[in-house]
Amino acid sequence: MDGFDVSQAPPEYRAVEPIANIFVLGMGLGWLINYVGMIYQSFKDETYGMAIMPLCCNIAWEIVYSLIYPSKSLIEQGVFIAGLTINIGVMYAAIKFAPKEWSHAPLVMRNLSLIFFLATLGFLTGHLALAAEIGHSLAYSWGAVVCQLLLSVGGLCQLLCRGSTRGASYTLWLSRFLGSSCTVAFASLRWMYWPESFSWLNSPLVLWSLALFLTVDGSYGLCYWYVRQYELSLKEAEGRKSK
């Protein structure tokens, strides 16, 4: 049974499918808010919000599962295509403003467009290779796991390395967390009510990935608060000096 084709789902899953679809819409809403917010924040702060490698991996995954192996669920199709469309804007903003973050590394700064292109191409072929190896239904989920972990770890590392909240906000963090949490919720429904195709979601590696996502994304909020407080304390100190 192909777990990617909802029409083949057992009656138990079809009974809870409307609930699963709500979580799919929640996933889409969270990520669309995140993407639009990143574009806004990028132009506001003149930087990029998502780390380079996670961004390239993410847009490559969306290309594969929006255009090459589209879901048979119209709701998922709509969510993925909308996400890909807006993510192109995220990529544009990143390419436009990334050189300002790499002035300390001229070789990288001068070749960022090529780096974005090659990284996206590399991840695109990687997602396709994974689909050829284990089938696109499984690769869809495992590829998403890789994207999520790269995004979570990359986002936290970027925040700490910059020592600044430029390109970031609580809205971006919470919308990303909403989108990813809704993904976990509808995947859980598939595991519980469609075990013929999704029993593997209870595997140690999936559970480890879930724990890592929750730990890192939860830590991001705390670290963002700390960095923001540090920025505010610097502004207050500068204000006192100017007086």
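Keep in mind that glycine also has a Cβ here, set from the backbone N, Cα and C atoms.
Using a 10 Å radius centred on the Cβ of N111 (N-linked glycosylation site) and all shown protein chains, the other Cβ atoms total 15. Mapped onto three states, the DSSP output places N111 (N-linked glycosylation site) in coil. Annotation comment: Swiss-Prot describes N111 as N-linked glycosylation site, evidence class sequence analysis.
The annotation transmembrane segment is assigned in Swiss-Prot to 19-39 (among others).
Residues annotated as transmembrane segment in Swiss-Prot, with sequence analysis given as evidence: 48-68 (among others).
Residues 24-25, 27-28, 31-32, 35-36, 38-39, 42-43, 46-50, 52, 55, 58-59, 62-63, 65-67, 70-71, 112-113, 116 of the same chain sit 6 or more residues outside the transmembrane segment (78-98) yet have a Cβ under 8 Å from a Cβ within it. Sequence annotations record features per position, and here Swiss-Prot assigns transmembrane segment to 78-98 (among others).
Under the heading transmembrane segment, Swiss-Prot lists 112-132 (among others).
Sequence annotations record features per position, and here Swiss-Prot assigns transmembrane segment to 137-157 (among others) based on sequence analysis.
Per Swiss-Prot, transmembrane segment is recorded for 172-194 (among others).
Residues or ranges marked as transmembrane segment by Swiss-Prot on the basis of sequence analysis: 205-225 (among others).
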The transmembrane segment (19-39) in contact with the transmembrane segment (172-194), cutoff 8 A, at least 3 CB pairs, sep 6+: yes
Residues from the same chain, set at least six apart from the ends of the transmembrane segment (205-225), whose C-beta lies under 8 A from its own: 145, 148-149, 152-153, 155-156, 159-160, 165, 168, 170, 173, 176-177, 180, 184
